[in-house]
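K.L.:
Pulled from Swiss-Prot, these are the listed features:
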type	residues	note
BINDING	133-137, 172-174, 199-200, Y229, W261, 294-296	UDP-alpha-D-galactose binding site
BINDING	D200, H294	Mn(2+) binding site
COMPBIAS	353-368	compositional bias 'Polar residues'
DISULFID	C80-C122	disulfide bond
DISULFID	C193-C212	disulfide bond
CARBOHYD	N57	N-linked glycosylation site
CARBOHYD	N169	N-linked glycosylation site
CARBOHYD	N340	N-linked glycosylation site
CARBOHYD	N388	N-linked glycosylation site
REGION	341-396	region 'Disordered'
TOPO_DOM	1-10	topological domain 'Cytoplasmic'
TOPO_DOM	32-396	topological domain 'Lumenal'
TRANSMEM	11-31	transmembrane segment
Amino acid sequence: MLRRLLERPCTLALLVGSQLAVMMYLSLGGFRSLSALFGREQEPAFDYSHPHDVYSNLSHMPGAPVAPGGLPAPQGLPYCPKRSPLLVGPISVSFSPVPSLAEIVERNPRVEPGGRYRPARCEPRSRTAIIVPHRAREHHLRLLLYHLHPFLQRQQLAYGIYVIHQAGNGTFNRAKLLNVGVREALRDEEWDCLFLHDVDLLPENDHNLYVCDPRGPRHVAVAMNKFGYSLPYPQYFGGVSALTPDQYLKMNGFPNEYWGWGGEDDDIATRVRLAGMKISRPPTSVGHYKMVKHRGDKGNEENPHRFDLLVRTQNSWTQDGMNSLTYQLLSRELGPLYTNITADIGTDPRGPRTSSGPHYPPGSSQAFRQEMLQRRPPARPGPLPTANHTAPHGSH
């Protein structure tokens, strides 16, 4: 019976036509609809040709509730919505003019000393620490602070921004500074999420939520203008990434031995795999970032040893990381926009040694920090519950 049906011309034509229709449906994007049915994230569409101002909707944010008589309202706030109603999507990112410190402070009146913020009318669903390695890039830092504070406030997170300064004139070590930042941030609070953030990358879409994925490390800078808004290669883990403290410790943090530019991102991606975890990413249309243009940094030249180190990662990752981290904490300062941590992390043992200590490179770095301290709001009565004023000095 079936054989006779298949031999009929009309039946064969119907089968061939059905196959062609299915193929056309999939080629025109139907696969995305099918994927959504099975729980895969659908690629959202955004119009980046009409971005919103980075400070959009902040005027809609209510202040803390007040009871009759002017006293603070009782505690017991509801949780913030899973998706903040304040989000606008694509935001305008401009590199000129570089905002002054006074302007950034004025535009962010709800930010507390140390760069802390939490929503006034709802309980945040995530507490996120933003950790930024830094040296001698004050213009970049101001641009980041100007754009990042309103970006995070619209997401209704509780957050704190930590800027980790490498003291001395030795070779820059981004990954080791991030290890220092994680350790110092976790002394302050039990953060839910750690965002490791390059100072020269500015997010362009506030739907790119600064929260962690409990299933594994998350790489969020998936579409930078530097790379034509696409991922440069599949295992890329550079720019901006997010891990829970448990995920960070499971992979032994980041490597300490990468002095200079290059290599540490690939080492970190390898650590994720060796620790039995998988990298997740937001959709390309969401993870947009603009990179601030800059010349090559003195003291951050290309690392000639990076390939030798990468070959050893499989054997070295359990010995080189948070469990081998040594540094000297030189200062911890609560400025109006961020917590500034200055650390002596030593020098590259393979290269020419330079003085390491509280000696800052030429430029405005020290003046910038002094200005931050001078503009710090007056102390409030009682201790700050989330800031560590008595961090010990010495080796860690």
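Note: Cβ is positioned from N, Cα and C throughout, glycine not excepted.
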K.L.:
For the binding-site residues R135, R137, which one has the sparsest Cβ surroundings, going by other Cβ atoms within 10 Å?
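P.N.:
Output over binding-site residues R135, R137: least Cβ neighbours within 10 Å is R137.
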K.L.:
Same-chain residues six or more away whose CB lies under 8 A from the CB of P133 (UDP-alpha-D-galactose binding site)?
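P.N.:
Those within reach of P133 (UDP-alpha-D-galactose binding site), by Cβ under 8 Å and sequence separation of 6 or more, are I164, Q166, R174, L177, L178, G181, D198, V199.
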K.L.:
Which one, from the recorded positions C122, V199, C212, has the smallest tally of other C-beta atoms lying within 10 Å of its C-beta?
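P.N.:
Relative to the other recorded positions in C122, V199, C212, C122 has the fewest Cβ atoms within 10 Å.
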K.L.:
Any idea what DSSP makes of C193 (disulfide bond), helix, strand or coil?
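P.N.:
DSSP assigns C193 (disulfide bond) to strand.
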K.L.:
Can you count the other CB atoms that lie within 10 A of the CB of N173 (UDP-alpha-D-galactose binding site)?
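P.N.:
A 10 Å sphere around the Cβ of N173 (UDP-alpha-D-galactose binding site) contains 28 other Cβ atoms.
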K.L.:
State the three-class DSSP label for N340 (N-linked glycosylation site), counting H, G and I as helix, E and B as strand, and everything else as coil.
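P.N.:
It is in a strand.
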K.L.:
Sequence order is fine: just name those recorded positions in C80, C122, R137, C212, Y229, N340 with a Cα within 10 angstroms of D200 (Mn(2+) binding site).
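P.N.:
Within 10 Å Cα-Cα: R137.
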K.L.:
Just to be sure I understand the packing, how many Cβ atoms besides its own are within 10 Å of the Cβ of Y229 (UDP-alpha-D-galactose binding site)?
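P.N.:
Excluding its own Cβ, the number within 10 Å is 17.
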K.L.:
In which DSSP state, out of helix, strand and coil, do we find R135 (UDP-alpha-D-galactose binding site)?
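P.N.:
The residue in question, R135 (UDP-alpha-D-galactose binding site), is coil (DSSP, three-state).
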K.L.:
If I restrict to non-local contacts, at least six residues apart, and a C-beta distance under 8 angstroms, what lies near C193 (disulfide bond) in its own chain?
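P.N.:
The list for C193 (disulfide bond) reads S126, R127, T128, A129, Y210, V211, C212, A242, L243, T244, given in order along the sequence.
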K.L.:
How many whole Å apart are the CA atoms of N340 (N-linked glycosylation site) and R135 (UDP-alpha-D-galactose binding site)?
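P.N.:
Rounded to a whole number, the Cα-Cα distance is 12 Å.
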